[in-house]
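Input: a single structure, listed below in C-alpha coordinates.
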(Lines of atoms letter the chains of each structure in order from A and count residues from 1; the text may use other names and numbers.)
(Lines give C-alpha, C1' and ligand atoms only; values in the text may rest on other atoms or scores of the structure.)
Protein backbone atom coordinates (compact mmCIF):
# COMPACT_ATOMS: atom_id res chain seq x y z
CA UNK A 1 0.00 0.00 0.00
CA UNK A 2 2.85 2.38 0.84
CA UNK A 3 4.47 1.66 -2.52
CA UNK A 4 1.23 2.62 -4.30
CA UNK A 5 1.00 5.92 -2.41
CA UNK A 6 4.64 6.68 -3.19
CA UNK A 7 4.06 6.02 -6.87
CA UNK A 8 0.99 8.32 -6.94
CA UNK A 9 2.96 11.14 -5.29
CA UNK A 10 5.73 10.65 -7.83
CA UNK A 11 3.21 10.99 -10.68
CA UNK A 12 1.87 14.24 -9.21
CA UNK A 13 5.34 15.77 -9.03
CA UNK A 14 6.03 14.57 -12.58
CA UNK A 15 2.97 16.38 -13.91
CA UNK A 16 3.96 19.57 -12.09
CA UNK A 17 7.37 19.44 -13.72
CA UNK A 18 5.82 18.86 -17.13
CA UNK A 19 3.58 21.91 -16.83
CA UNK A 20 6.35 24.13 -15.50
CA UNK A 21 7.40 25.29 -19.02
CA UNK A 22 3.84 26.51 -19.62
CA UNK A 23 4.12 28.82 -16.66
CA UNK A 24 7.43 30.22 -17.85
CA UNK A 25 5.97 31.39 -21.16
CA UNK A 26 3.69 33.98 -19.55
CA UNK A 27 6.23 36.80 -19.49
CA UNK A 28 9.68 36.64 -17.96
CA UNK A 29 9.23 39.65 -15.63
CA UNK A 30 5.47 39.62 -15.15
CA UNK A 31 5.68 38.70 -11.45
CA UNK A 32 7.81 41.79 -10.75
CA UNK A 33 4.88 44.13 -11.57
CA UNK A 34 2.64 44.69 -8.52
CA UNK A 35 -0.72 46.41 -8.10
CA UNK A 36 1.08 49.56 -6.93
CA UNK A 37 1.24 50.68 -10.57
CA UNK A 38 -2.47 51.50 -10.27
CA UNK A 39 -1.55 54.46 -8.04
CA UNK A 40 -0.02 56.24 -11.05
CA UNK A 41 -3.39 57.87 -11.78
CA UNK A 42 -3.51 59.34 -8.27
CA UNK A 43 0.06 60.57 -8.55
CA UNK A 44 -0.58 62.32 -11.87
CA UNK A 45 -3.64 64.02 -10.34
CA UNK A 46 -1.55 65.22 -7.37
CA UNK A 47 1.22 66.75 -9.49
CA UNK A 48 0.82 70.13 -11.24
CA UNK A 49 -0.05 69.74 -14.92
CA UNK A 50 2.80 72.04 -15.98
CA UNK A 51 5.36 70.22 -13.81
CA UNK A 52 8.31 68.96 -15.86
CA UNK A 53 10.03 65.61 -15.30
CA UNK A 54 13.40 64.92 -16.90
CA UNK A 55 13.72 61.65 -18.80
CA UNK A 56 16.28 60.33 -21.26
CA UNK A 57 13.73 59.01 -23.73
CA UNK A 58 14.94 55.92 -25.56
CA UNK A 59 14.05 56.28 -29.26
CA UNK A 60 12.36 53.43 -31.02
CA UNK A 61 9.39 52.80 -28.72
CA UNK A 62 6.94 53.61 -31.52
CA UNK A 63 8.67 51.83 -34.40
CA UNK A 64 10.63 48.91 -32.96
CA UNK A 65 9.55 45.77 -31.05
CA UNK A 66 9.50 46.04 -27.26
CA UNK A 67 12.57 43.83 -26.78
CA UNK A 68 14.62 46.45 -28.66
CA UNK A 69 14.04 49.30 -26.20
CA UNK A 70 12.55 47.92 -22.98
CA UNK A 71 15.85 47.17 -21.23
CA UNK A 72 17.33 50.65 -21.68
CA UNK A 73 13.99 52.40 -21.19
CA UNK A 74 13.43 50.88 -17.78
CA UNK A 75 16.91 51.96 -16.69
CA UNK A 76 16.15 55.56 -17.67
CA UNK A 77 12.78 55.40 -15.90
CA UNK A 78 14.55 54.23 -12.75
CA UNK A 79 16.91 57.21 -12.88
CA UNK A 80 14.09 59.71 -13.45
CA UNK A 81 11.84 58.27 -10.74
CA UNK A 82 14.69 58.19 -8.23
CA UNK A 83 15.44 61.83 -9.00
CA UNK A 84 11.74 62.66 -8.63
CA UNK A 85 11.63 60.83 -5.30
CA UNK A 86 14.45 62.97 -3.93
CA UNK A 87 12.42 66.11 -4.60
CA UNK A 88 9.59 65.06 -2.27
CA UNK A 89 9.77 64.84 1.51
CA UNK A 90 9.06 61.53 3.20
CA UNK A 91 5.43 61.88 4.30
CA UNK A 92 3.92 59.08 6.36
CA UNK A 93 0.52 59.18 4.64
CA UNK A 94 -0.16 55.99 2.68
CA UNK A 95 -1.16 57.71 -0.58
CA UNK A 96 1.32 60.59 -0.46
CA UNK A 97 3.38 61.45 -3.51
CA UNK A 98 6.53 60.18 -1.81
CA UNK A 99 4.95 56.84 -0.90
CA UNK A 100 3.61 56.23 -4.41
CA UNK A 101 6.87 57.19 -6.13
CA UNK A 102 8.86 55.05 -3.70
CA UNK A 103 6.76 52.00 -4.62
CA UNK A 104 7.17 52.73 -8.33
CA UNK A 105 10.94 53.00 -7.90
CA UNK A 106 11.01 49.56 -6.26
CA UNK A 107 9.01 48.07 -9.13
CA UNK A 108 11.28 49.60 -11.77
CA UNK A 109 14.43 48.52 -9.91
CA UNK A 110 13.08 44.95 -9.79
CA UNK A 111 12.46 45.11 -13.54
CA UNK A 112 16.00 46.35 -14.13
CA UNK A 113 17.30 43.39 -12.13
CA UNK A 114 15.05 41.02 -14.07
CA UNK A 115 16.33 42.33 -17.41
CA UNK A 116 19.91 41.86 -16.24
CA UNK A 117 19.07 38.20 -15.60
CA UNK A 118 17.32 37.83 -18.98
CA UNK A 119 19.33 39.81 -21.51
CA UNK A 120 18.50 39.80 -25.23
CA UNK A 121 21.55 38.89 -27.32
CA UNK A 122 20.13 40.28 -30.57
CA UNK A 123 19.74 43.86 -29.33
CA UNK A 124 22.42 46.24 -30.53
CA UNK A 125 22.23 49.55 -28.66
CA UNK A 126 23.01 52.88 -30.22
CA UNK A 127 26.45 54.31 -29.48
CA UNK A 128 24.88 57.67 -28.59
CA UNK A 129 23.27 58.17 -25.22
CA UNK A 130 19.61 59.31 -25.29
CA UNK A 131 19.23 63.05 -24.81
CA UNK A 132 17.35 64.23 -21.71
CA UNK A 133 13.90 65.69 -22.42
CA UNK A 134 11.25 67.33 -20.29
CA UNK A 135 7.83 65.70 -20.00
CA UNK A 136 4.66 66.65 -18.17
CA UNK A 137 3.49 64.14 -15.53
CA UNK A 138 0.79 62.84 -17.87
CA UNK A 139 3.21 62.15 -20.72
CA UNK A 140 5.97 60.83 -18.47
CA UNK A 141 3.74 58.30 -16.75
CA UNK A 142 2.18 57.47 -20.12
CA UNK A 143 5.64 56.24 -21.13
CA UNK A 144 5.91 54.48 -17.77
CA UNK A 145 2.58 52.66 -18.25
CA UNK A 146 3.51 51.67 -21.78
CA UNK A 147 6.77 50.17 -20.56
CA UNK A 148 4.96 48.26 -17.79
CA UNK A 149 2.45 46.87 -20.32
CA UNK A 150 5.35 45.72 -22.50
CA UNK A 151 6.85 43.84 -19.54
CA UNK A 152 3.62 41.97 -18.85
CA UNK A 153 3.81 40.20 -22.21
CA UNK A 154 7.57 40.17 -22.71
CA UNK A 155 8.91 36.68 -23.44
CA UNK A 156 12.35 35.29 -24.12
CA UNK A 157 11.59 34.64 -27.79
CA UNK A 158 14.36 35.24 -30.29
CA UNK A 159 13.34 37.95 -32.77
CA UNK A 160 13.37 37.20 -36.49
CA UNK A 161 15.87 39.95 -37.29
CA UNK A 162 19.52 39.37 -36.45
CA UNK A 163 19.64 42.67 -34.59
CA UNK A 164 17.53 45.75 -33.95
CA UNK A 165 19.28 49.10 -34.05
CA UNK A 166 17.99 51.83 -31.76
CA UNK A 167 18.69 55.13 -33.48
CA UNK A 168 19.27 58.14 -31.23
CA UNK A 169 17.73 60.42 -33.87
CA UNK A 170 14.25 59.04 -33.20
CA UNK A 171 11.91 61.01 -30.96
CA UNK A 172 8.59 60.21 -29.28
CA UNK A 173 5.59 59.85 -31.56
CA UNK A 174 2.98 62.58 -31.36
CA UNK A 175 0.00 61.16 -29.49
CA UNK A 176 -1.93 61.70 -26.26
CA UNK A 177 1.04 60.61 -24.14
CA UNK A 178 4.25 61.68 -25.90
CA UNK A 179 5.15 64.86 -27.80
CA UNK A 180 7.35 65.30 -30.90
CA UNK A 181 10.30 67.68 -30.98
CA UNK A 182 12.00 66.51 -34.21
CA UNK A 183 11.02 64.58 -37.35
CA UNK A 184 11.54 60.82 -37.38
CA UNK A 185 14.81 59.46 -38.77
CA UNK A 186 13.99 55.79 -38.99
CA UNK A 187 16.57 52.99 -38.95
CA UNK A 188 16.74 50.86 -42.13
CA UNK A 189 14.65 47.99 -40.78
CA UNK A 190 11.89 50.26 -39.47
CA UNK A 191 11.90 52.49 -42.57
CA UNK A 192 11.51 49.58 -44.97
CA UNK A 193 8.68 48.14 -42.91
CA UNK A 194 6.82 51.47 -42.86
CA UNK A 195 6.99 51.71 -46.66
CA UNK A 196 4.73 48.70 -46.96
CA UNK A 197 1.00 49.25 -47.32
CA UNK A 198 -1.61 48.55 -44.66
CA UNK A 199 -2.35 45.09 -46.02
CA UNK A 200 1.30 44.12 -45.60
CA UNK A 201 1.20 45.36 -42.00
CA UNK A 202 -1.89 43.30 -41.35
CA UNK A 203 -0.21 40.23 -42.81
CA UNK A 204 2.81 40.76 -40.55
CA UNK A 205 0.54 41.11 -37.53
CA UNK A 206 -1.29 37.91 -38.43
CA UNK A 207 2.04 36.13 -38.99
CA UNK A 208 3.20 37.27 -35.56
CA UNK A 209 0.02 35.89 -33.99
CA UNK A 210 0.47 32.61 -35.85
CA UNK A 211 4.10 32.35 -34.73
CA UNK A 212 3.05 32.95 -31.13
CA UNK A 213 0.36 30.27 -31.45
CA UNK A 214 2.87 27.81 -32.91
CA UNK A 215 5.33 28.50 -30.10
CA UNK A 216 2.58 27.91 -27.54
CA UNK A 217 1.51 24.70 -29.28
CA UNK A 218 5.11 23.48 -29.40
CA UNK A 219 5.26 23.69 -25.62
CA UNK A 220 1.69 22.64 -24.81
CA UNK A 221 1.45 19.51 -26.99
CA UNK A 222 4.46 17.66 -25.51
CA UNK A 223 3.25 18.46 -22.01
CA UNK A 224 -0.27 17.26 -22.86
CA UNK A 225 0.94 13.99 -24.36
CA UNK A 226 3.24 13.46 -21.39
CA UNK A 227 0.26 13.98 -19.09
CA UNK A 228 -1.82 11.42 -20.99
CA UNK A 229 1.03 8.90 -21.03
CA UNK A 230 1.59 9.42 -17.31
CA UNK A 231 -2.04 8.70 -16.49
CA UNK A 232 -2.01 5.68 -18.83
CA UNK A 233 0.97 4.18 -17.02
CA UNK A 234 -0.74 4.94 -13.73
CA UNK A 235 -3.87 3.07 -14.81
CA UNK A 236 -1.84 0.06 -15.98
CA UNK A 237 0.11 0.01 -12.74
CA UNK A 238 -3.11 0.14 -10.72
CA UNK A 239 -4.67 -2.70 -12.71
CA UNK A 240 -1.54 -4.77 -12.25
CA UNK A 241 -1.49 -4.23 -8.51
CA UNK A 242 -5.25 -4.69 -8.00
CA UNK A 243 -5.26 -8.54 -8.32
CA UNK A 244 -2.31 -8.77 -5.95
CA UNK A 245 -4.17 -6.67 -3.39
CA UNK A 246 -7.27 -8.84 -3.79
CA UNK A 247 -5.24 -12.02 -3.30
CA UNK A 248 -3.54 -10.52 -0.26
CA UNK A 249 -6.90 -9.72 1.36
CA UNK A 250 -8.19 -13.22 0.59
CA UNK A 251 -5.06 -14.79 2.09
CA UNK A 252 -5.49 -12.73 5.24
CA UNK A 253 -9.10 -13.85 5.57
CA UNK A 254 -8.14 -17.50 5.02
CA UNK A 255 -5.37 -17.26 7.62
CA UNK A 256 -7.80 -15.75 10.13
CA UNK A 257 -10.29 -18.55 9.50
CA UNK A 258 -7.56 -21.17 9.89
CA UNK A 259 -6.46 -19.58 13.15
CA UNK A 260 -10.03 -19.62 14.46
CA UNK A 261 -10.45 -23.28 13.51
CA UNK A 262 -7.15 -24.17 15.18
CA UNK A 263 -8.19 -22.36 18.35
CA UNK A 264 -11.53 -24.17 18.41
CA UNK A 265 -9.86 -27.55 17.90
CA UNK A 266 -7.38 -26.83 20.68
CA UNK A 267 -10.14 -25.82 23.07
CA UNK A 268 -12.07 -28.98 22.15
CA UNK A 269 -9.04 -31.15 22.95
CA UNK A 270 -8.59 -29.40 26.28
CA UNK A 271 -12.25 -29.96 27.11
CA UNK A 272 -11.99 -33.67 26.26
CA UNK A 273 -8.91 -34.06 28.45
CA UNK A 274 -10.78 -32.53 31.37
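For all residues, glycine too, the Cβ spot is worked out from N, Cα and C.
In Swiss-Prot, the annotation transmembrane segment applies to 216-238, one of the ranges 216-238, 239-261. Cβ neighbour counts within 10 Å, taken over all protein chains shown, single out 97 as the most crowded of the glycosylation sites 97, 145. Cα-Cα distance from residue 145 (N-linked glycosylation site) to residue 97 (N-linked glycosylation site): 17 Å (rounded to the nearest whole number).
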